[in-house]
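> The structure follows.
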Amino acid sequence: MGLLRIPLYRLYERRLERALSNAPKPRHVGVILDGNRRWARLSGLSSPKEGHRAGAEKIFELLDWCDEVGVQVVTLWLLSTDNLARPPEELEPLFEIIENTVRRLCNEGRRVNPMGALDLLPASTAQVMKEAGTTTERNPGLLVNVAVGYGGRREIADAVRSLLLEEAAKGTTLEELAERLDLDDIAKHLYTRGQPDPDLLIRTSGEQRLSGFLLWQSAHSEFYFCEVFWPAFRKIDFLRALRSYSVRQRRFGC
């Protein structure tokens, strides 16, 4: 960033902050952290790992920005179930970065909720995720959902499976369950059970699709698609997303 652009950037940032001071803000923000590999390639870096590492650092900036505006829940989609099919030479360093990121979240006192098919992850990564959820569950402040090995359809299937097992343990027959089953019964078994549904979903890198992110929970969410790659995501990009959200008239229907 040039010397002239730095003060202009700060002025614009403060202008956005003033405009948002009394505006409605989301309680729950979901973010698809997209574009790490493309950012690394366009930046002339030697491997995708460098993009993933830069993207991991950006997470901590985002959480600070969320703290500043009073967001209560952030859901971060770090790795999808589809991504698990990538070559081992890319996944191995990525899992290491994810483990280090989750440990740092714990060390900084964040409340971490692991989301995803942990049984599909390497044992060490799954263990780090599980321990984070257990050791930080009573931490105050911002709740950070960390989605690794996550897929929206898989989450719904897991929720239904969990519900069926719970009801079977009570002796409920399938006919009895089918008779009284409603949406809340399934929602109580989602990875985000007990949390508010996301108000705002952000995807970086210019892709304009959700790819199944929070498929059940996003029925009434507002979407914001940002052109920049995740490692280059700035505070003004976040504030612009909040500004866009603040002027929308939310309709909880068609």
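Cβ coordinates are placed from backbone N, Cα and C, and glycine is handled just like the others.
I grabbed these lines from Swiss-Prot:
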{"type": "ACT_SITE", "residues": "Asp34", "note": "active site"}
{"type": "ACT_SITE", "residues": "Asn83", "note": "active site, proton acceptor"}
{"type": "BINDING", "residues": "Asp34, Glu222", "note": "Mg(2+) binding site"}
{"type": "BINDING", "residues": "Gly35, Asn36, Arg37, Arg38, Trp39, His52, Ser80, Thr81, Asp82, Arg86, Arg203, Arg209, Leu210, Ser211", "note": "substrate binding site"}
{"type": "SITE", "residues": "Leu78", "note": "site 'Important for determining product length'"}
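How about a rundown of where these features are and what they're close to?
Of all Cβ atoms in the protein chains displayed, 21 besides its own lie within 10 Å of the Cβ of Asp34 (active site).
Asn83 (active site, proton acceptor) carries a helical DSSP state (H, G or I).
A coil conformation is recorded for Asp34 (active site) in the three-state DSSP classification, outside any helix or strand.
In sequence order, Leu33, Ile98, Thr101, Val146, Ala147, Val148 make up the list of same-chain residues 6 or more apart from Leu78 (site 'Important for determining product length') whose Cβ falls under 8 Å from its Cβ.
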> Applying a 10 Å Cβ distance cut-off over all chains shown, what neighbour count does Gly35 (substrate binding site) have?
24
> I'd like to know which of these binding-site residues, Asp82, Glu222, is least surrounded, judged by other CB atoms within 10 A.
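Sparsest of the binding-site residues Asp82, Glu222 by Cβ contacts within 10 Å: Asp82.
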> Quick check on the binding-site residues Ser80, Arg203: which one has the highest count of other Cβ atoms within 10 Å of its Cβ?
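Buried the deepest by this measure is Arg203.
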